[in-house]
Amino acid sequence: MVENRPFLTVLSHLVMILGVVIVAFPVWMTFVASTHDQATMLRAPIPLLPGTHLIENYRQVLTAGYNQGNGGIPILTTLMNSLIMALGVAIGKIAISIIAAFAVVYFRFPLRMVFFWAIFVTLMLPVEVRIVPTYGVVAALGMLNSYAGLIIPIIASATATFLFRQFFLSVPDELTEASRVDGASPMRFFWDILLPMSRTSIAALFVIQFIYGWNQYLWPLLITTKESFYTIVMNVSRQANVADAAPQWNLLMAMAMLAMLPPVLVVIFMQRQFVRGLVETEK
Amino acid sequence: MEKRVTFNERWLPYLLVAPQIVVTLVFFFWPSAQMIWQSTLLEDAFGGNTKFVGFDNFVSLFNDSAYFASARLTITFSFLVAAIGLAVSLLLAVMADRVIRGATIYKTFLVWPYAVAPAVAGVLWGFLFNPSVGTVAWLLHNVGIDFNYVTNGNQALLLIVIAAVWNQVSYNFLFFLAGLQSIPRSLIEAAAIDGAGPSRRFWDIIFPLLSPTGFFLLVVNIIYAFFGTFGVVDALTKGGPAKATEILVFKVYNDGFRGQDLGGSSAQSVILMVVVILLTIVQFRFIERRVHY
């Protein structure tokens, strides 16, 4: 700091602590609610400190599910579906974008710029906006209620392709020349030189896309009608809005905790890659 | 910028772009083309007959007071989300930038809401403000404020604004903090030596230097409020009560899937598409300027 102003420093800490408390409060209350029994959750004021039913509640939602309205499915199944979707989206996006960027940067071929712009314009129309016709296409292809239907339609991404293109452009030409002199094929160059060099970009992108895939809501809501394909995020919101019934808050909140935990842990433990990913995907 | 050294292969590059191009064609261009075509069709209520009506769907949208109500609501909503979100995160970022001890801990505690799905964020805030058991609703009730977002439209709007801001605050915070940390210390020290106090330094030096970041975040937040908040709305209010929170992107979904009005819904999508294109152009022009900055 430029000068010592104890009052301002204390004020800064106070503001930060207040900010952190407000930001964390909803999650704290969610956690607290997930540790009480059903009866405690029926009358206001609900306690501010955790209760004793933590294991029981989580065991019930994980194995038996939250059954209200429609028959409950074990949350373990929805967690698995979310994991498959998140990994599928993250890996799929990275895989198809990195090879497309490789082609656009390292080759000269007719229609190159047409392809580049075709990828670019996908930025212009978020999936929420073209949801009705995209649903029609997926239905026509018979991809409703399938992992392919959950994953493939949302893996086309201009941002990932741009990120890799930007990175490849910064790779020194000498490396390409050297491997050509040594007689390496383009794919050999890609696997042995480019891919290892892209490790940090891939990690950063993976974190962002994992969260993106895990948190998908509208898409799985529309294309899954079979419970065995439900993802956790859509299931939480679905159960919160069952008509004509007050939710069993303790179980619902245990589910919400489980829905938040994986992506939040990814952000906290991979914070460096996360921040890098956020900044880079915005370029 | 182009590579000097490239490979000579005839078919390989096509093979490499093929997966992305195929996915883009099938799941982007095909539905988008359908959407634009659909927006010029009128389908009768029982399916079956469709006929070409040109711009009639757009004309009836522009004559529809419900559409204007939704558009106005969306503008109010995104203004509130952007203004409150930016103000709160700027305050937090400036404070975090001031404190040396504990800054990284504060940062860790503030970045994670980004990882919470908007729909789950909606459920969490709905629980806190639940009229019968919610902790905050109970507190408000005890000080004489009846908060019931299920029946009161303005309160419902306020609640989705709060949930949306909460979800986005980490993003804004991280960019503001990065912006603050890239301001040269020498500038601030020079101003301090010239006798400028903290608030003078903030408004005359830090704030102007931060304005490119702020402008960029403004665009990102507007895009987020327009399109990224579907989950918040669907989990909390489903557009209600009495359409008080039916923002445009939710109306597209509601009219298209619930109302089965494909032509009208597609026309709305086309209008939103124009909005995104404009916002993206603004964003890109600005980013070019930021590079020069």
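Placed from the backbone N, Cα and C atoms, the Cβ positions cover glycine too.
Caution: TrEMBL annotation is automatic and unverified by curators.
According to TrEMBL, the domain 'ABC transmembrane type-1' annotation covers A:79-270.
Per TrEMBL, transmembrane segment is recorded for A:7-31 (among others).
Summarising the annotation, TrEMBL assigns transmembrane segment to A:83-107 (among others). Within its own chain, the transmembrane segment (A:83-107) is flanked in space by residues 115-116, 119, 147, 150-152, 154-157, 160-165, 168-169, 176, 186, 189-190, 194-195, 198, 202, 205-206, 209-214, 216, 220, 231, 262-263, which lie at least six positions past its ends and keep a Cβ under 8 Å from the stretch.
Outside the transmembrane segment (A:114-135), and at least 6 residues removed from its termini, the chain residues within Cβ reach (under 8 Å) are 100, 103-104, 153-154, 156-159, 161-162, 218-219, 222-223. The annotation transmembrane segment is assigned in TrEMBL to A:114-135 (among others).
The transmembrane segment annotation in TrEMBL covers A:147-168 (among others). A Cβ distance under 8 Å defines the sequence-distant neighbours of the transmembrane segment (A:147-168), meaning residues of its chain 6+ beyond its ends; these are 81, 84-85, 88-89, 92-94, 96-98, 100-102, 104-106, 119-123, 127, 134, 137-138, 141, 194, 198, 201, 205, 209, 213, 216, 219-220, 223-224, 229, 231, 280-281, 283.
Taken from TrEMBL, the feature transmembrane segment covers A:189-212 (among others). With a threshold of 8 Å between CB atoms, the same-chain residues lying at least 6 positions outside the transmembrane segment (A:189-212) that come near it are 86-87, 89-91, 93-94, 98-99, 102, 106, 157, 160, 163-164, 167-168, 171, 175-176, 179-180, 263, 266-267, 270, 273-274, 276-278, 280-281.
Sequence annotations record features per position, and here TrEMBL assigns transmembrane segment to A:251-270 (among others).
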Non-local residues, at least 6 beyond the ends, that sit with Cβ under 8 Å of the transmembrane segment (A:251-270): 27, 30-31, 33-34, 38, 57-58, 60-62, 66, 75, 79, 82-83, 86, 203, 207, 210-211, 214-215, 232-233, 235-236, 239-240
